[in-house]
Amino acid sequence: MTAPTESSPFSPADLARHRLSPQEYRRITELIGRHPNLNELGMFSVMWSEHCCYKNSRPLLKGFPTTGPRVLVGPGENAGVIDIGDGLRVAFKIESHNHPSAVEPFQGAATGVGGILRDIFTMGARPIASLNSLRFGPLEDARNRALFRGVVHGIGHYGNCVGVPTVGGEVYFDPTYSGNPLVNAMAIGVLETPEIVRSGAAGIGNPVLYVGSTTGRDGMGGASFASAELSDASQKDRPAVQVGDPFTEKSLIEACLEAFRTGAVVAAQDMGAAGLTCSSSEMAAKGGVGIEMDLDLVPVRETGMVPYEFLLSESQERMLFVAEKGREGELIALFERWGLHAVVVGRVIGEPLVRIFHSGKVVAELPARALTDDAPVYPRAVLPEPPAAILKLRAFDWHSLAEPTDYAEALLTLLDSPTIGSKSWVYRQYDHQVQNNTVIVPGAADAAVIRVRPQSFGPGEVEAVPFTERGIAATVDCNSRYVYLDPYRGAMLAVAEAARNLSCVGATPLAVTDNLNFGSPEKPEGYWQLAMACRGIADACLELMTPVTGGNVSLYNETQSDGRTTAIYPTPTIGMVGLVEDIHRTCSQNFKSPGDLVYLLGGGEPTLGGSEYLACLHGVAAGEPPVLDMALEIQVQSVCRLGIERGLFKSAHDVAEGGLAVALAECCITGNLGLDAVLGANHPRADVVCFGEMAAAIIVTIDPCDQVACELWLECSLAERWKLLGTVAAQSFDLRVENRDCRISTSCERLKTTFEQAIPRRMEHIPVTEAPQR
């Protein structure tokens with residue numbers, strides 16, 4: 001079509017409020033052959049937002065590997081689905097709720113959990129676990145403490161009330177997140193329906209059902225809000241934050257799963273971002289059909305709502321179904337039995353349009369593809385080389401920095417870092433045992449492990465499998481400082497660490513869901529970070545054979561304050577799931593018995609570049625991140641999994657932030673045991689040996705009775721890439737560096753107190769001088 005010749009009814013200010021550029025408006029008029037009305041402009045505003053259409057990232061996402069022998073559903077549906085054998089299928093996905101959580105932390109985080117759970121059960125899967133990846137500014141700041149407290153409370157409240165265990169996650173703290181926290185929520189479910197539920201509408205004349213809660217004005221324009229930078233004025237956007245009701249969500253889960261098992265549901269889509277607009281247009285476009293709806297039939301919680309508000313509302317706990325004609329009454333009765341609304345609001349039509357009625361009039365009529373597939377895409381030029389500022393940071397010479405005069409105090413300083421310290425303040429607010437399937441609880445290992453129960457497909461129907469020992473392991477990982485210094489290598493390291501964490505509990509990595517949290521793609525450096533990180537994820541996933549089944553992109557994570565714009569560290573969070581063949585053969589990180597032998601498997605070249613040691617003790621974020629030897633990484637992970645499967649390894653823990661000294665201390669703290677060990681002097685500086693970070697490194701313990709057999713096996717499997725470090729002790733922590741005047745000798749109680757108080761003392765605003773003695 002061609003653009004209309006008459007002048008636009010909308011001013012530049014109108015378009016700016018809808019976050020549409022003049023060029024995008026012209027494209028709209030070309031697609032529909034006329035000027036849109038206000039309702040239609042609002043629909044385009046949300047559907048063409050970065051949050052919904054990925055207009056800046058879509059070309060980059062095409063580089064991800066998305067297929068594999070276990071992948072049943074890849075990107076494009078509500079969640080990815082994989083086959084884990086024994087007739088069991090698992091759905092999983094990660095999504096962000098960053099901007100809402102910055103404005104209203106409790107509701108922003110709570111509805112983030114609710115939204116990701118709906119993505120899971122919309123596929124026909126019962127949610128069995130959730131995880132989260134969180135980023136905040138330093139807790140010394142009162143506003144950051146308030147955001148942290150609100151977000152954790154919101155996650156705990158929603159997850160606890162809805163009855164889905166929060167089994168794991170990660171929390172990082174850095175000044176770049178002070179104005180823009182990150183809240184990424186991941187959920188996992190096991191399919192309870194014979195067929196995977198799809199979202200493409202089908203069957204001309206089939207009724208369209210609105211089910212769930214009522215529609216109000218909450219969350220108005222939330223998708224557009226989530227696609228803009230935050231500023232000092234963002235607090236005025238509180239109406240763009242949704243309000244959740246976990247008890248309604250619990251009923252919705254049960255009602256939907258029961259409805260799917262009847263076979264009366266042709267297609268289903270949850271109403272998340274962009275509400276009715278997104279659910280109707282995506283269902284129509286995916287099915288190659290149209291949908292018409294009458295807004296007068298939509299259940300409401302507020303009076304006087306106009307079509308614009310209906311179409312852009314993001315009220316929670318709502319779904320849109322296409323039902324088999326003649327069976328809508330059966331579904332309505334089912335939902336009413338669960339105390340939920342279920343109303344026929346429209347029908348599937350042959351014309352590929354979304355047609356909206358209100359008060360007997362057509363108030364919006366748009367091609368479904370114009371709202372979805374025809375959204376603009378902006379392939380941008382990638383900088384041919386890193387920005388000068390990044391090159392300068394990478395060239396930082398940390399060799400000139402003074403080494404610690406007291407290595408024990410240096411270790412305690414790292415354990416007191418909220419990024420490294422215990423996250424028990426967080427996970428003790430979560431119910432991680434509800435459903436009674438959690439095999440490994442938060443804080444006990446490098447990944448969560450959840451039992452998978454046999455699934456019944458309905459009354460009188462055969463279970464998927466009569467009995468299984470299988471379980472699912474899950475983790476979320478990303479060292480965003482690495483990604484800031486080197487987006488490509490940092491993203492690869494994030495994927496490798498996620499796989500390593502799964503391997504440390506005995507799980508085989510299977511597939512990935514990613515959450516790309518970045519700044520503005522319109523800035524050359526921002527797009528370069530995004531593009532290079534996507535390449536890193538793609539290459540690492542290919543090497544590890546972990547296809548990407550879906551995810552989320554959150555851009556414009558920048559804060560404008562006092563005329564200055566600050567972007568977050570680029571944070572491509574990797575959610576990864578793995579298969580545990582036997583839940584009775586898993587591994588935790590804690591040392592088990594005095595006298596056990598402690599080994600290091602693998603271990604690349606340690607470096608202080610981008611390390612927590614540099615950040616905590618020197619206030620520096622610079623240098624080259626660790627080098628990743630992917631062949632060694634794969635080899636070390638394979639050995640770790642096999643050692644756990646054989647019952648040889650009693651504990652396993654990967655070496656991450658803080659290096660070997662911190663990893664060993666964590667094993668002691670969680671096991672209430674000590675250590676007597678010597679680190680090989682593989683670097684002239686003792687602080688690099690103790691606190692340098694590396695990839696492909698795992699600490700394991702064995703029973704001394706198995707020493708000869710174990711070392712013969714390690715020699716065959718890893719050649720010289722392993723080392724006996726020492727033994728587990730009863731109470732004291734004694735760590736030395738070979739041929740160096742360096743010794744860390746302290747009590748485990750001192751380590752534990754410092755580690756466990758890292759977050760609580762800051763949340764209680766206790767100065768270091770008044771904190772428990774280290």
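All residue numbers here begin at 1 and follow the chain in the order shown.
Keep in mind that glycine also has a Cβ here, set from the backbone N, Cα and C atoms.
Owing to the predicted nature of the structure, the values given are computational and were not obtained by experimental measurement.
Under DSSP, HIS51 (active site) is assigned to a helix (H, G or I) in the three-state scheme. Positions annotated as active site by Swiss-Prot: HIS51.
Every protein chain considered, the tally of other Cβ atoms within 10 Å of the Cβ of ASP514 (ATP binding site) stands at 30. Summarising the annotation, Swiss-Prot assigns ATP binding site to TYR54, LYS93, ASP514, GLY551.
Same-chain residues at least 6 positions away in sequence with a Cβ under 8 Å from that of ASN552 (Mg(2+) 1 binding site) are, in sequence order, LYS93, ILE94, GLU95, SER96, ASN184, ASP514, ASN515, LEU516. DSSP assigns ASN552 (Mg(2+) 1 binding site) to a strand in the three-state reduction. As annotated by Swiss-Prot, Mg(2+) 1 binding site applies to GLU95, ASN552, with the evidence given as sequence analysis.
Here Swiss-Prot flags SER96, HIS97, ASN98, HIS99, ARG118, GLN242, GLU314, SER315, GLN316, SER554 as substrate binding site. DSSP assigns GLU314 (substrate binding site) to coil in the three-state reduction, outside any helix or strand. All protein chains considered, the CB of GLU314 (substrate binding site) has 32 other CB atoms within 10 Å.
According to Swiss-Prot, the active site, proton acceptor annotation covers HIS97, on the basis of sequence analysis.
Sequence annotations record features per position, and here Swiss-Prot assigns Mg(2+) 2 binding site to ASP119, ASP270. Of all Cβ atoms in the protein chains displayed, 27 besides its own lie within 10 Å of the Cβ of ASP119 (Mg(2+) 2 binding site).
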Recorded positions near GLU314 (substrate binding site), in sequence order, restricted to HIS51, TYR54, GLY551 and a 10 Å Cα cut-off: none
Largest separation between Cα atoms (Å) of residues that the record links to substrate, namely SER96, HIS97, ASN98, HIS99, ARG118, GLN242, GLU314, SER315, GLN316, SER554: 21
Subset of recorded positions (HIS51, TYR54, HIS97, GLY551) lying within 10 A of ARG118 (substrate binding site), CA to CA, in sequence order: none
Listed recorded positions among HIS51, TYR54, HIS97, ASN98, GLN316 whose Cα sits within 10 Å of ASP270 (Mg(2+) 2 binding site): GLN316
Per-residue Cβ crowding (10 Å cut-off), top of recorded positions HIS51, LYS93, HIS97, ARG118: HIS97
Distance from ASN98 (substrate binding site) back to ASP119 (Mg(2+) 2 binding site), taken between C-alpha atoms, in Å: 18
Among HIS51, HIS97, GLY551, which are recorded as recorded positions, the nearest neighbour of GLN316 (substrate binding site) by Cα: HIS97
Inter-residue Cα distance where the pair is HIS97 (active site, proton acceptor) and HIS51 (active site), in Å: 10
